[in-house]
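Marked as active site, proton acceptor by Swiss-Prot: Asp126. According to Swiss-Prot, the ATP binding site annotation covers Ile10, Gly11, Glu12, Gly13, Thr14, Tyr15, Gly16, Thr17, Val18, Lys33. What Swiss-Prot records for 4-286 is domain 'Protein kinase'. Annotation comment: Swiss-Prot describes Tyr15 as phosphotyrosine, evidence class similarity to another entry. Annotation comment: Swiss-Prot describes Thr17 as phosphothreonine. Residues or ranges marked as N6-acetyllysine by Swiss-Prot: Lys56. Feature annotation from Swiss-Prot assigns phosphoserine to Ser72, Ser159; the stated evidence is similarity to another entry.
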Amino acid sequence: MQKYEKLEKIGEGTYGTVFKAKNRETHEIVALKRVRLDDDDEGVPSSALREICLLKELKHKNIVRLHDVLHSDKKLTLVFEFCDQDLKKYFDSCNGDLDPEIVKSLLFQLLKGLGFCHSRNVLHRDLKPQNLLINRNGELKLADFGLARAFGIPVRCYSAEVVTLWYRPPDVLFGAKLYSTSIDMWSAGCIFAELANAGRPLFPGNDVDDQLKRIFRLLGTPTEEQWPAMTKLPDYKPYPMYPATTSLVNVVPKLNATGRDLLQNLLKCNPVQRISAEEALQHPYFSDFCPP
């Protein structure tokens, strides 16, 4: 740990405390994530270490770089590239108004990062505005990629903050255990709507039941034909047959027609029907977009 000088505590993440620090040799600013390990645990599980070391190979401009893994008997510290703020803080600073071109650019970068990881069979599983980081050049980077697989998706942060369900798809809310890349695509859809509404969450549920009701009230309760596997999920229970909202115009008023179409393709209750990151990047919504 002598290699890094701690500057200040940034906050409590899902897995532990995060510090801003400086590399004593290069003077580079980094983020140190001290992963909390259970006291009764035998130190760091080897499976977690294997997963984490794989993440060092994820090199992409829209993924937060994992520079280093510092491991002692009871402590695991992950050294990440430093970014100035997360998307949640960014929303707070834009006062309820976000330019449609910025929305498009941020979604494009989110999908680029997702596409890269998905092509390497790495899922995020816990995407939300708090782990989308933005640096001072306006570049968006996905943080905490793959940590959910290494450490499990926690039910609550150890700081007692409940891990949000707002970005979880219906299949996961119904107890699906076999995840595919579609879990991240649903979350991307929720974040897209939140971008379009300058920070207003699409489905701010209070618990699993409320979360599913909010989803079905907007998208319609799926029928057996629309989603045959739904009734087989471990925690499935029937919901009232809500009709789908005829148009998303009132839901995302600032989003144009092609944007609404892309959103509808991301927010499919049946995971099999959800668009992939690669397909989303080819969507007409981006036809007039020139990446910087």
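Using N, Cα and C of the backbone, Cβ positions are placed for all residues, glycine too.
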I need the nearest neighbour of the residue listed as 'phosphotyrosine' among the recorded positions Lys56, Ser72, Asp126, using C-alpha distances. Asp126
Determine the most Cβ-crowded residue among the binding-site residues Ile10, Val18, using a 10 Å radius around each Cβ and all protein chains in the structure. Val18
Enter the number of other CB atoms within 10 angstroms of the CB of Gly16 (ATP binding site). 20
Per the 10 Å Cα distance test against Ile10 (ATP binding site), the recorded positions Thr17, Lys56, Ser72, Asp126 reduce to Thr17
Which number gives the other C-beta atoms within 10 angstroms of the C-beta of Tyr15 (phosphotyrosine), all protein chains shown included? 22
Pick out which of the modified residues Thr17, Ser72 has the most other Cβ atoms within 10 Å of its own Cβ. Thr17
Among the recorded positions listed here, Glu12, Asp126, whose Cβ has the fewest other Cβ atoms inside 10 Å? Glu12
Report, as a single number, how many Cβ atoms besides its own are within 10 Å of the Cβ of the residue listed as 'N6-acetyllysine'. 13
Per DSSP (three-state), the residue listed as 'N6-acetyllysine' is coil
